[in-house]
Every structure is written in structure tokens, then in C-alpha cells.
Amino acid sequence: MSSKKRSFGDIEFGESDEVGGTNVDVNGEDDFENDDEVESFEDDEQSFEEIEEGGEEGGDNDGEDKGPKKVWRAGVDPLEEDEVLDYDSTAYDMMHSMSVEWPCLSFHPIKDELGAQRNKYPHTMYLVAGTQADEAKNNKVIIMKAKQLHKTKHDDEDSDDDEDSDDDEESDDEDDEDKDVDPELQLAFINHNGAVNRIRSMDQQSNIVATWSDNRSVYIWNIANHLKALDNETVAPKQTAPLHTISNHSIEGYALDWSPKIAGRLATGDCNNSIFVTNASESTWKTDTQAFKGHTESVEDIQWSPSEEKVFASCSIDQTVRIWDIRKPKPAITVKAHTADVNVISWSRNVEYLLVSGCDDGSFRVWDLRAFKDNSPVSDFKYHTGPITSIEWNPYEESQVIVSSSDDQVTIWDFSLEEDTEEFTNANANPDDDFQYPPQLFFIHQGQHDIKEVHWHPQIPHVAISTSIDGFNIFKSSNSEE
């Protein structure tokens, strides 16, 4: 993927756009235009928008029955000038949208001390992101606290319907007593030298964050004071010096990953085919002087092994995925994984021999590392019509991955699903053609433009966050397991 593809296009910032999703085994595609801005914190150019009611043109007309909903397919079905997509809140348990001053190519959820596997609404979460501003001097690392993220399912129902609700809804209210309270977004900033190509927080110490800058430097930051300022609602200093700067790279890059096994171990890959490993010591950081060389074109992504502290994987524009042992400068295994650029990879934390790769041609493949060789994926999916920009295994469901693409879709896939019933076939067939959704396609989220990354939240099961030129979406599909 070229650097031009990685960056946001020349789109005017600040325009409102549409958001929506599809629970593909239940509902049709849903979408609508955001209208209501909710409380912003510290800067009126940052806003939090609650997803509420469907688009005016796309909804029901005087109660007229328009028949079964039909899923709209990005890149396949035309959308006429007088047509809009409908948003149905029942497709989501939760759906919120937020915007900041400049779009963010990359972000990462921050592990917090609020507990793991928390399901009770409203939710609170912390994120860290990096901007792509109009000028290099305007770029920032943004530390975010989003709170009062309440359940939005059935938000578009009339109050009369609420009065008719039964014990089931009363039970829901017990889990979300503050559902009518507006969500809030609090922000803290660090001035950043250059656009942020990628940003990641350390697993073991989430206040330690690494950023890949387009000025060819990798910076390591301590954002502990900024997180504390968000909790205390005070102002943190924007002029914060990095803990360390990695200057070994001769050109900018995008590949960046912290080891889940060794605290302070960071791998970085650049557009000149080089990979460096940095380790933290008691008083400083040390980057190996010898680069890991093997790729013949730009290194696009890196993933450390979830079980082997000295092993990592990388992918490249050279169409390969390579497995490395840091005790050797050359790759241990090289596999031609795709027939185009390999943009992203994810190594499963739950099933340590599974790796998934996303390609510039819109396909993604699942690999069994116990039998890792050329053109031998376990599965090969060719649903998306644009390059895959992000991919990640679900930490709470070993058979699921979430995928984002430049075709303006985020999709959730469940490899445990099979097309084994006539009911499924009939529910997803389009009467106008022979197109059918793959049986493993679990959910479709649409409405954002130029989507760059998507991540699962590590402590709130089945909640996903995506970033695009429009801002961020935080959502949970209604068909997710609790």
C-alpha cells in the first residue's frame, strides 16, 4: 500500500456524514445522518454525537409497510440522488460517534483500572490517537476519555412504545439507569512533531505509548499525567517531551507493535524494508543497531507472537508474511501470502497458531502457522471491494475477526458459522441477482468514509472502535454474545 493510500484524501474536514450497520443474520443495512452534537470538553471543535433517530427521508412514511428490509451493498448497489440509507437502532446494542479537530490515521484503546469483561452500561473508555493535520506543526497525540456511553438500542422508539414495555425493558433499565444522560468526551493533547502514522500503547503499562511519525522518527511517551488530568478534569501540559526517540530508521514507516510477553520490547518497520527492535532497560531505551532485513519492499505491519517472546511476524508490499526470531537477522519463514500488497496482519492471542492477513486487493486470509507455506491459507475471503486497512482478532471470541476496508465498511466475521440452513440462504439472498453474503459474515457497519483502523476494546467485550476521516465510531452489534 503506497503512502498516498495510507493518508487521508483531499476531503474537506468538518462535513457531517452517515453511520449505520447491518446485523446480517437478522436485519437489513441501516444508515442515517448525524445531527445532534453532545457536550464537548475543552475545545468546541471536538464533539460527541449520540446516534439517535433515523434519517428523515429513509424512514417509514405514515406507517406505510414497505416490505422486508434489503441490505445495501457498498460498491455493488447504486444509491440514487434521492435515496438515503435507513438507520435502525435495533442493529446495535450501542452506537456512538465522536469527532475531533483533525482526522486520525491511527488510535489504540488504553487498558484501564475499571475492570475486565465489564458489560454493564453506561461504559467509560480511554483511547489514544494521533492526528494527520493540515500542517506538520498542528499535529498532536490526543488522549481521550469517553464516558456515559449508554445503550442506544431502541432509541428511535416513540415514548408511547416505552409505556407499553414489559419486564424485559425494566430489566434493561436496571443495567442502564443513566441511558438518557448525554455521553461526554474529554480530551488532553501532546504536541507531536509530524503526522502520526501509527500509535500503540504498551500492554503491560498502558500509559507508555509509541508513535510512528512521518518525519522518520519513532517517539515513546508517558501519558500518565494526561490520563490523570482527564480523571481530575484539569489541563495537562501540551508541551511534553518524549521519553525516548528512535532515530535508526532512514525513512518513515507504519509497522509498530509492543511485545505482549516482554514489557518495553518494541518492533518498528519502515518503508525502506528495515525492522528494528527496541528494548527498555532500568534507566533508558536501547535499539539494536543491526536491522532485520528480508523484505524487498515496505514493511506494512508487525505482530509479536502471543506465546514466544523472541518471535514476531511481519508483512510487506512484497506480498509476503515473514516469521522472525530476534536472535537471527534473517527471517525464519517466508511465505507468499497474497498476490498484492499485504497491508495488515493480526496474530491471535487465543489460538496461538492462527494468523490473519489483509491484502490490498480486498481479500483477507486465515493461516495455520503449524502448516505455514505458500498459497495454503485455511480460509480465503474476497468480500471487500477496496484494500483492507485494518484487521484484528476478537479477544473475547476466538473465532471472530473485525476488518476495515477502504470500501467504507467495517465487517465482523465468525469462522464458526456455516451455511447449513435454508433459512439463512433465504434471509440474505437478493431477489434481483445471485449475490449472497458469505455465511461467516456476522455484521456490517457502514457510514464512515476512508476508514483507516478498527480495534476491539480489550476490557469491554464485543465493543469495537473505528477511525476514519469523519471521526470515530464506538459500537456493539446487537447479535454479539454477552
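Using N, Cα and C of the backbone, Cβ positions are placed for all residues, glycine too.
Over in Swiss-Prot, the protein carries these features:
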type: COMPBIAS; residues: 27-63; note: compositional bias 'Acidic residues'
type: COMPBIAS; residues: 157-180; note: compositional bias 'Acidic residues'
type: REGION; residues: 1-75; note: region 'Disordered'
type: REGION; residues: 148-180; note: region 'Disordered'
type: REPEAT; residues: 191-231; note: repeat 'WD 1'
type: REPEAT; residues: 294-334; note: repeat 'WD 2'
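Within the repeat 'WD 2' (294-334), the DSSP-based counts of helix, strand and coil residues read 0 helix, 20 strand, 21 coil.
Confidence for the repeat 'WD 1' (191-231), expressed as mean pLDDT, is 98. Sorting the repeat 'WD 1' (191-231) by DSSP state (H, G, I as helix; E, B as strand; all else coil) yields 8 helix, 18 strand, 15 coil.
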